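Database features, via Swiss-Prot:
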| type | residues | note |
| --- | --- | --- |
| BINDING | HIS38, GLU192 | Zn(2+) binding site |
| DISULFID | CYS71-CYS183 | disulfide bond |
| DISULFID | CYS200-CYS208 | disulfide bond |
| SIGNAL | 1-23 | signal peptide |
Amino acid sequence: MARVLVLLSVVLVSLLVNQGRASDNQRLFNNAVIRVQHLHQLAAKMINDFEDSLLPEERRQLSKIFPLSFCNSDYIEAPAGKDETQKSSMLKLLRISFHLIESWEFPSQSLSGTVSNSLTVGNPNQLTEKLADLKMGISVLIQACLDGQPNMDDNDSLPLPFEDFYLTMGENNLRESFRLLACFKKDMHKVETYLRVANCRRSLDSNCTL
């Protein structure tokens, strides 16, 4: 009888610990989604401020540029379209999100310079810090998803082909400034989508529609 009580106590403690971890992970997921939503909204505001500062003819010219433009993050392997995103595992979506956020940590220091006379960004270090905080949160979620298993992602320590891809942008160059902002908005939209689907995957919901 005593052994049964001890066993039941161990099982109960284990369940409580697992519930606590699940609750912590859910809070982390919710926080990550909120943070990337804020970054996506900020990116949209920045590009709107930039476009508002342009002459009508400049706007028409730039609207034709970005659909044909290349972003450095295009080198990061990611799902092609909604169907593939919905079929991707939670771990895969978290890893892609991690790499996308990581790719902007350094270039983000140049972002505020692309929007003149705007209070959208404020201190450029704040944007970099927001990205670093989100990256750290996603890293914790990845470790929780691995649950003690080794990280087999071979791309974790691989830099993008052009680490300084964005560094020449944003300084007295209309096209490149627009391209920088458009790429940032595009990538934050990707991360927001991936984290939303990953969060849905975690809840075992089979209807993770976009």
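From the backbone N, Cα and C atoms, a Cβ is placed for every residue, glycine too.
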Neighbour count (Cβ, 10 Å) for CYS183 (disulfide bond): 24
Residue pair CYS208 (disulfide bond), GLU192 (Zn(2+) binding site) - Cα distance, angstrom, rounded: 14
C-beta crowding around CYS208 (disulfide bond), within 10 angstroms: 19
Intrachain C-beta neighbours of CYS200 (disulfide bond), sequence separation six or more, cut-off 8 angstroms: CYS208
CYS71 (disulfide bond): tally of other CB atoms within 10 A of its CB: 18
In three-state DSSP terms, the structure that CYS183 (disulfide bond) belongs to: helix
C-alpha spacing of CYS183 (disulfide bond) relative to HIS38 (Zn(2+) binding site), in angstrom: 16
For HIS38 (Zn(2+) binding site), the number of other Cβ atoms found within 10 Å of its own Cβ: 14
